[in-house]
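What TrEMBL says about this one:
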| type | residues | note |
| --- | --- | --- |
| ACT_SITE | E485 | active site, proton acceptor |
| BINDING | H484, H488, E507 | Zn(2+) binding site |
| COMPBIAS | 184-200 | compositional bias 'Polar residues' |
| DOMAIN | 215-389 | domain 'Aminopeptidase N-like N-terminal' |
| DOMAIN | 412-635 | domain 'Peptidase M1 membrane alanine aminopeptidase' |
| DOMAIN | 725-1046 | domain 'ERAP1-like C-terminal' |
| REGION | 184-206 | region 'Disordered' |
| REGION | 1119-1156 | region 'Disordered' |
| REGION | 1194-1223 | region 'Disordered' |
Amino acid sequence: HCNSSRPNSNASRVSWYFLWNTPTAVEHNAVPNRFRSKVNGLTTRNSTEGSSAVALFANSAIGGSIVLVAVFVLIVLFAQSATEKTQNKMGGYARYVPSSDGNNVVHLDGANAAGTESLHENHQQQQAQPPIKRGFYVSFPVVLIISILLVCAILAAILATFFAATGVTCSGGAGVGLPNSNDSSVGVTDSASSRSSKAGDTNGEDLRLPTDVLPLHYELTLAPYIYDDNESAFYFSGSVNITIHAMNATSVIHLHADRIALSRETVRIVTVEDNAVLPLTDIEYSLPSQWYLLKLASPVQPGKQYRIEILDFRKPLLLDLRGLYLSVYTQDGRKHYLVASQLQPTDARKTFPCFDEPAFKARFDVRLVHRRDFLAISNMQQQSFEYKQDRDSRGRLYRTWARPELVGIADYALTAVKNITQFFEGYFEVPFPLNKTDQAAIPDFIAGGMENWGLITYRESRLLFDPKKDTTSSLQNIGNVISHEVAHMWFGNLVTPQWWDDIWLNEGFATFTQILGVRQLHPDWDIDAQFVVETQMVAFYSDSKGSSHPIYMEVQNPGQITEIFDTITYRKGAAVLRMLYSFVGDRVFRRAIGNYLKQNSYSSTFHTSLYDSLTREAQADGRTGLDVAEVMDRWIKQMGHPVLTCSREAGSIRLEQSHFLSDPSQKPDPKFVSEYNYTWIIPVTMVTQSNASAAAGLEDVSSLVQWMRIKSQAFPAGSLTPGEWYLLNLRSAGFYRVNYDRQNWRVIIAQLMADHTVFTPQDRARLLDDSFSLAAAGLVDYSVPLNMTRYLLKESHYVPWRAAMSKLSLLHSMLHRSSAVYGPFSAHMRRLLAPAYADLGIETARGDSHLRRLRRALISTFACQYGVSACRRDALRLFEQFASKNYSVHLPPDVRRAVLCEGVASSTSAEHWDVLYQRSQIEVHPGLHNDILRALACTHQPWLLNRYLDYALDKSKIRSQDAASVFSVVSANSNGLQIVWDYMRNNWDVIVERVPNSFATAYFVYLLGEFNTPIRLMEMEEFRAKNQDKLTAVQRTMEQSLESVRINIHWMNSNLHVKLMSRLVGLIGLLPPLLLLCSCSGAWTAEPATLDSIVDHVLGCRTKCYWLVIEALDRAPLGHPNQLRESSDPGVLDKNAKTNRGKVNVYGSGSNSAHKSFSSRWYELGQLNTSGARRREADAVEAISRHPVFQETASPSRLRISDGPVSQSQDLAPIALPRSGLR
């Protein structure tokens, strides 16, 4: 075992790492299996007085049973009396009529009894002699049924009395899945808290821990059982003592636990002072809250300390990447196991009972019991082992752990963590408080890194760097992740938010300050410029949707907490903090952050504490009018961001702010009403062409800030002439977009063409990003961004190229599946990429800078994708060399992914695919392993892609951590998104079961946002409705994906004007299913069949009809057997097909021009077939819509094709393309 002690921390920052030490078998004693749990009974309760309610029910049931017995006896006696006086065995209503001889006559409703007169015959007599008494006639079967019900009622009363006496209460429901126990058990309740409800609670229950008691210290023991090779039998056991301080008198203590069984036999509470036991009257479990209620006979006293002793608990070790979990890797053909932890955000409770909220910080002593041939590390320095180490000038220990075969490539990680730790100490002027820092590379890890205090855990590819095998981007990612996690040692560990709604203070701050750590370590990386494309632009994209959310928002339950670990929290939070940094300046920022950390060390805080510190320092620096809270509340408490629309006035520029939405027809989510009416306080920075030299090279732009506080405001611009440009948002420091007047766009583009270096890389990237985003929203014409891309022929910096390719990739995703515009678009891409590829080549040159290497990787990937001949030729040459040397020859790391992808894509068989997959199974190096996994998705064979998705859900074939990546790269395949979607719909239950981490499943749903057709939107909405209960943890992601699809559909309609009619016209070739399925609005009777009559009928049908027609099209063969013969040569037609085509009037004139025979439709669809294969509906519709007869149904496009000469006027000219112009 090993002991460790650590300063105050919340439970989610505790971490462990057990790893294989030597392959030698060692004698050992198994951890005893001492704990079982069993649920004995169920009863429902709705308040904390559950036991009283059960007892009352039991007592009432006994009394009620006595009354019921008495009533039953009277009924039976009465019924028996009636039975004796009649021989009729029918049950019914009976009336007793007196007779003169003293014998009562029983008259039965609807029947005569033997020896009696009928009601009909004696009607007048009955009226004259009213009945003396009434009763119920009961037959023998009815008596038997009542007897059985009575016995059941008595048994229920006895059982209720028994359970009330034993103190067991549970809720009805599906059960919790707790382990078995031989001891008396604890039940489950749906409402375990008597506290008041809050907004966002589940079933009206408050899911926040009460503060009646606070944890001070944990003594935790964990013992993983990982013997033999039977993974299903692996488990861990543990115990924990929690010292608590009573703040208020209470007889109920709430304690988090997720699927950990506790009972009164395994839990006790004692006083710290004299070890006196406080009797427990009951233990209840609330499933929605994931906590136990420990009920005491007498309340704890304020000011005193107590100890919760949990003697034993046990859980299975699973490959689920949550809590304390199992990880597996193979070395020398033999499986090796390790155990790691991932407790953030709400999985500490999955590992041990605890107070699992960020504000409940405490000290921990951890004991880890393990096999002698394993090692164990935790947050603090171990007392039992010594390891190789590196130390800083203060003698603090730094270590990096990895698999034996990978330890040799941990040098960069060790250097980076030591350097960045010391940098942040100096920058914040707050010492790192621990005496050691361990870093561990985990083979199975869901995130990039986890900031456990003193033991930071990472995915292997985010910690280990081999300069001979890893890409330049891998090196940069490692540096970023290490800097991010080290920043958390201050933001998150030393100072913690009080609750998860302020998690942006953790993640947003670490995402921003990571660039400070990397910038001082690698000044040549231009990391601030890269922040614009890697973080700010991604945040803009997510935040421009109506389904976005504020940075600061209330969350209550674990599902909501998990959902906010998203782009808005991380990237928008970081971008807004970078804006804050830019308007207060570096000096004020450093001093304020240092004071904030010192004042709140080892405690939890609220974001207003940070604002107060920044305001004090800013005012001390002379900015007396600046109130940081006033400014920041506008940015974190309302969703979205502004766009500034500019217009020139005499001597000034007028700016008008409005909420930017990528689809203006969308509305913000009504759950997040803006209390500021979507008005921001904006730090505006501006230069003009005449004074641009004054701002050149200026990194700190705080001195140029002017504040915009209202919707419309004018800013002085001096003597700005119409031919001069002005530029806002210098260095892209502010989180807002700018829409210039048309004249300014024109002169900015002219400046870029003449000398783009006048603008910083940040500004050039932002101009590209803004113009494309504004065009997508319909605020500017696409001629603005497309003409701007022409300057890229002179661009040599990585960042603007990265920005351009990101935005052009969005156009690619819109066009490549269903638009005829894609042809000239791809030609334009080749025209841009070919010169850049010729400059860079595919081989790395000695002396290449970091940014040049990044640009080579980017350009090579896209040049090969768009068919630049030189790129494909070079990539295939390198792949053939690689394959000829048994797939083991060295490939240049930066272009390795492009080379492997091109090789897999060019293969018409599964040979290369299978060999590469087998190579991935044995490949130890994480970088090469990841590149192979991505390249496998480049195949054009749909069956291989489907098999790959199967593999992704089989942990024996693909690691669980890589499942989301596989789905992502398959969806990026030109045919892959539909394959992924079909697979998800058919296998969602399997995905949820095998990928239990909600971060990964959310990413699966996120991929669907690339669709751009109404039919896919309908399918997604149906999927959401069908799986509502299985999408709880990814509900917000699902809403965002649906909104993305709606935006894409709007974009297609607005920019390409592909109307419903032009899509449905293509269905004319499928007349039989069309007529059958479209009868929803009446029978179609037009003779002869004309184009107009069929289209009119289709358009008259309901949306459901359209759905059914498309489904039929998906199933229908798109080639006619008499027109397309099977051939290895795609599209080869036999003589019959050509003859048939000659018999129909395809391009007729006059009235016949509207008539296209059905066989001609089959012929045209057959042109798309490859060896008779079925093709998707979009391909068929596109092919048919290209016929001249259909062109009249399409309106002019904002991305329109022109076959004439291209104008080269000084105005915004269209892009020159081979044989056509794209405008």
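Cβ coordinates come from backbone N, Cα and C, glycine included.
Features as recorded by TrEMBL, highlighted on the structure.
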residue : record                       : contacts (Cβ under 8 Å, 6+ apart)
H484    : Zn(2+) binding site          : G448, G449, A510, T511, Q514
E485    : active site, proton acceptor : G449, M450, E451, I456, Y458, A510
H488    : Zn(2+) binding site          : E451, N506, A510
E507    : Zn(2+) binding site          : F565, T569, Y570, G573, A574
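In sequence order, E451, E485, A487, F491, G492, N506, F509, A510, T511, Q514 are the same-chain residues whose CB sits within 8 A of the CB centroid of H484, H488, E507, the residues recorded for Zn(2+) being left out.
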